[in-house]
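**Student:** Can you read through this structure? Questions will come right after.
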Amino acid sequence: MGRIALVGFMGSGKSTVGAQLAEKLDYTFVDLDTFIENRTQMSIPHIFATGGEAHFRQCEQEALNALGNQSRGVVLATGGGVVTQAPSRALLKEAWQAVYLRATPETILARVLQDATERPLLQDEHPDVRIRTLMAQRQNWYEEVADVTIEVDEFSVEMIVQYIVDWLDARFAER
Ligand code: S3P
C-alpha cells in the first residue's frame, strides 16, 4: 500500500483524477481541502477570510503532516498552493509519491474562471493575470516535489488515471 499525492495548479484535475485513481487502486481518496474543512469545521473561504492565507497554509501543513503519519493506501488531492511552503514540500517528498498534473495557463484559465468566485485567491480584478503569475511562481516547486509529471491538457481523466497506474506498476516492478 502506498501514499500518492496529486499536485498541480487549481483546475488541473487533481480531485477528479484522484477519486477515480483511488477507486481503481482500491485506496482511500482524500481531498486535502475537505480534510482541512472537516478538521477545522470551517470552509476554505472562511479560513482565508478570518486568518488570511498564512493561517490557511499553517492548517494545510498540519493536515498534510497528519495524513503522512497515519495513512497508508491513500490517494491525496492536494490544494494548488501546498507547494508554496518549504515544510509541505519536504513532507511531500518524504512521505508521498507525488504526481504532478501539469496544464498550460490556457487550459487552467478556461476551467477555473467559470467558478472563480469559490476560490479565495482569485478574488482579484484581473483573475487571469493572477493565475498566470501564481502559475509562474509555483512551476519550479511542483517540479521539485514531483516523482512524475503528466501533461494533462490533451488527455481524458481515464487516460491520466491509466497512465498513473502503469507508472506505479513500473515503479514497483523496479524494486
Ligand atoms: C489554492 C488552491 C485551492 C485551495 C485554496 C488555495 C491555491 O485548492 O487549497 O483555495 O493556493 O492554489 P485547489 O487546487 O483544489 O483548487
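Cβ coordinates are placed from backbone N, Cα and C, and glycine is handled just like the others.
TrEMBL feature annotations, pasted as is:
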- Gly11, Ser12, Gly13, Lys14, Ser15, Thr16, Arg119: ATP binding site (BINDING)
- Ser15: Mg(2+) binding site (BINDING)
- Asp33, Arg57, Gly80, Arg138: substrate binding site (BINDING)
**Student:** Using the alpha carbons only, what distance in Å do you get between Arg138 (substrate binding site) and Ser12 (ATP binding site) once rounded?
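**Tutor:** Rounded to the nearest whole number, the Cα-Cα distance is 13 Å.
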**Student:** Might you list, by sequence position, any residue in that chain lying six or more from Gly13 (ATP binding site) with a Cβ less than 8 Å away from its Cβ?
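**Tutor:** Non-local contacts for Gly13 (ATP binding site): Leu101, Ala103, Val152, Val157, Ile160.
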**Student:** Taking Ser12 (ATP binding site) as the reference, which of Asp33, Arg57, Gly80 (the binding-site residues) have a CA within 10 A of its CA?
**Tutor:** Gly80
**Student:** Ranked by the number of other Cβ atoms within 10 Å of their own Cβ, which of the binding-site residues Lys14, Arg119 ranks first?
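**Tutor:** Counting every other Cβ within 10 Å of each candidate, the maximum falls on Lys14.
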**Student:** Sort out for me which one of Ser12, Ser15, Thr16 has the most neighbouring CB atoms within 10 A, since those are the binding-site residues we care about.
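**Tutor:** The most densely surrounded of these binding-site residues is Ser12.
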**Student:** Give me the Cα-Cα distance between Asp33 (substrate binding site) and Gly11 (ATP binding site), rounded to a whole Å.
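**Tutor:** Answer for this pair: 14 Å between alpha carbons.
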**Student:** Does Arg57 (substrate binding site) have same-chain partners at least 6 apart in sequence with Cβ under 8 Å from its own Cβ, and which are they?
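**Tutor:** Spatial neighbours, sequence-distant, of Arg57 (substrate binding site): Gly81, Thr84, Gln85, Ser88.
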**Student:** Fill in the CA-CA distance, Lys14 (ATP binding site) to Gly80 (substrate binding site), as an integer in Å.
**Tutor:** 9
